[in-house]
Amino acid sequence: MESKSVDGEVNDNTYFPKTDSADAKVTFEQRNTPPETRLYKKRWVIVFLFSSYSLCNSYQWIQYGIINNIFMRFYSVDSFTIDWMSMIYMLTYIPLIFPVSWLLDKKGLRVIALVAAALNCTGTWIKVASARPDLFPVTFLGQFICSVAQVFILGMPSRIASVWFGSEEVSTACSIGVFGNQLGIAIGFLVPPMLVPNVDDLDELAAHIRVMFYITAGVATFLFVLVVIVFQERPEIPPTHAQAVARRISPESYSYTASILRLLRNKAFMLLVITYGLNVGCFYAVSTLLNQMIIEHYPGEEVNAGRIGLTIVIAGMVGSLICGIWLDRSKTYKQTTLAVYLMSLVGLVLYASTLDLGHLWVVFITAGTLGFFMTGYLPLGFEFAVELTYPESEGTSSGLLNCSAQVFGIIFTICQGKIMDSFNTLAGNLFLCAFLLIGTIITACIKSDLRRQLANQQALAAVRMEASVAEAFEAKL
C-alpha cells in the first residue's frame, strides 16, 4: 500500500512549518485526494522498547540516593555529595536539552534512541569498575554519562506518540512512554536496598555493590542490542491527518531557533512550563531526600524507605495510565491537569502531616496518594504542551518542560535539604507545599487552546466535505 498524501519530497524526519504570528491558527491544506493514514502493529513494539531503555536509565537516577547512608559510609563522602548523584541528572539536562532537541528534529527518532541506549550502556559498565571505596570519582563519571543519556530520553514520549499512534491513542501512548521512566524509578527505590544491605564489612559491601552494577550493565547491554536491531524511525504511512500535513514540510522550511522563539511567545505554554517545573521539581526533591526523611523518623528502615518510594511511583504509574486513557476519551486537557495538580497539593499536605506520627502504614497510604497524583501529572503536562504548541516539534516543547523541571528540581532539593538540616522534615515539606499552591493557581490561568485537536477536526471535516461532493456528483450521474 502506498501513501497518497504526500506531495513532493518525503524525509525521514517530521518537520513543522513556520508561522508569522506567535499565535497563528492551525490550517489544513486540502488536497484533491484526502491524506491516507494507517496504524501499524509495530507501534506497540516501538513504544515498549523505548519504555524499557528509559526504565534502565531512570532506575540509576535514584539507586544511590535511596541508600544514601550506605554509600556515604562506603565512599567516605557526605550526604550532600550523594545527593548530587541524583541532582547530576537534573544539572546535565539543562545545557544539553537544546542541542539534543535540535538533533531530534534534524536526525529523527532512531538516531536519538541509538545514542541514548549507547550512552546508558557505557555508563553502567564504568560503574562496574567503581565498586571500591577509593573510586568515587569513577562511579560519579559513570553516573554522569548515564545522566547525559537521560537527555536523549525524557523528550521522546510525546514525539513517539505523535509519529506512530492515532489521534485516539496519543495520550495513552505518551503515558506508556512515561510509564517506563516511572517504573525504573520504582525499581530504583525497591532493588538497591535489597541488593546492598547495610553491613559493616566494606569488602562484603563492595561485593554487594558490584553485583548490583553488573546486573544493571547486563540489562543495559541487552537493551542497546535490541534498539540497534528493532527501533524504526517512523511508519511508512502516517497515523493521523495532522502527521500527514506535517510530513509535507521540507527540512529547509524548518527553523529550530524560530520554533523556540515562537514557543517563548506562547503565553499559555510558558505558564505550563512554570507549573510543570514546580510540580515535577517537587517530585524530584521528595524522591532524592526520601531516605533521609524516613530514616530521621524511623531509624534502620532503609528497606521500608525503598518500599515507600516504590509505593509512590507504582501509584503514580496507575495514575498516569488512567489519566492518559481519560484524556484520549474526554479531551479535557486543562480541567484534568488542574484537578490532578490540586490533588498533588492535597497529597503532599497529607504526607507531610503524617510522616512523624510513628506509624509506617499511614506513611505508605499517604505516600501512595501523593504518588498517584504527582507522578500521574507527568504525561498530562506533555500532552497538554503538544496541544498548546502544535504544529511545533513535540521534542522541543517537552524539552522546555523538562528543562524547567530540572531547574526547579535542583533548587528544591538543595533548599529542602538545608531546611531539613536546620529545622525538620515537616518544614521542608511545607516549603514544597507552598510552591505547589502557587502552581495550582497558575494552572487555573492557562488558556485551553487545543491546536492539535483543531487540526485533526479540520482534516476530518475536509475529508467529509470531499466525500459529500463526490456522492453528490455520482447522484447527478
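The backbone N, Cα and C atoms fix where each Cβ goes, and this holds for glycine too.
Because the structure is a prediction, the values reported are computed rather than measured.
Features reported for this protein in TrEMBL:
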type	residues	note
DOMAIN	46-451	domain 'Major facilitator superfamily (MFS) profile'
TRANSMEM	44-62	transmembrane segment
TRANSMEM	82-104	transmembrane segment
TRANSMEM	111-129	transmembrane segment
TRANSMEM	135-158	transmembrane segment
TRANSMEM	170-191	transmembrane segment
TRANSMEM	211-231	transmembrane segment
TRANSMEM	268-286	transmembrane segment
TRANSMEM	306-326	transmembrane segment
TRANSMEM	338-354	transmembrane segment
TRANSMEM	360-380	transmembrane segment
TRANSMEM	400-420	transmembrane segment
TRANSMEM	426-446	transmembrane segment
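The transmembrane segment (400-420) and the transmembrane segment (306-326) are not in contact, since fewer than 3 Cβ pairs between them lie under 8 Å (pairs 6 or more apart in sequence). Between the transmembrane segment (170-191) and the transmembrane segment (82-104) there are fewer than 3 Cβ pairs closer than 8 Å, counting only pairs 6 or more residues apart in sequence, which means the two stretches are not in contact.
The average pLDDT computed for the domain 'Major facilitator superfamily (MFS) profile' (46-451) is 87.
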